[in-house]
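**Q** Quick one: this structure, given as structure tokens, is what I'll be asking you about.
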Amino acid sequence: EVRPFLDVYQRSACQTRETLVSILQEHPDEISDIFRPSCVAVLRCSGCCTDESMKCTPVGKHTADIQIMRMNPRTHSSKMEVMKFMEHTACECRPRWKQGEPEGPKEPR
């Protein structure tokens with residue numbers, strides 16, 4: 001079955017979408033404990049821009065409180081806990097390169 005162009009185009013646009021993020025990548029100082037689940041679903045910007053010089057960038061953010069289970073392997077204890085995760089609320093296509101930086105990827109040295 002062929003997916004219609006307009007559907008493909010709309011789904012690929014720069015927008016917030018549910019994304020799985022690792023708890024340890026988002027909270028790298030928490031490596032002594034085990035978390036369940038080990039990743040959580042949050043809204044993050046992703047998608048394509050109409051111009052390769054642009055990238056899908058968050059222009060609105062908020063902090064989401066998400067309940068997880070923290071387990072301590074040393075004491076064999078566990079508890080429910082609320083952790084904070086950044087969620088994107090709005091996205092825009094913005095220039096890839098900041099003003100003052102060379103346009104384009106840096107040359108390897």
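From the backbone N, Cα and C atoms, a Cβ is placed for every residue, glycine too.
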**Q** For Cys56, which disulfide partner does Swiss-Prot record out of Cys14, Cys39?
**A** Cys14
**Q** Please name the cysteine among Cys39, Cys45 that Swiss-Prot pairs with Cys91 through a disulfide bond.
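**A** Candidates were Cys39, Cys45; Swiss-Prot matches Cys91 with Cys45.
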**Q** Where Swiss-Prot annotates a disulfide for Cys49, which of Cys39, Cys93 is the other cysteine?
**A** Cys93
**Q** Using Cβ-Cβ distances, find the residues under 8 Å from Cys45 (disulfide bond) that belong to the same chain and are at least 6 apart in sequence, listing them in sequence order.
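**A** Sequence-distant Cβ neighbours: Cys14, Gln15, Thr16, Cys56, Thr57, Pro58, His88, Cys91.
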**Q** Sort out for me which one of Cys14, Cys49, Cys56, Cys91 has the most neighbouring CB atoms within 10 A, since those are the disulfide-bonded residues we care about.
**A** Cys91
**Q** Using Cα coordinates, what distance in whole Å links Glu1 (pyrrolidone carboxylic acid (Glu)) and Cys49 (disulfide bond)?
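**A** Roughly 26 Å, rounded to the nearest whole number.
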**Q** Could you tell me which of these recorded positions, Glu1, Cys93, has the greatest number of Cβ atoms within 10 Å of its own Cβ?
**A** Cys93
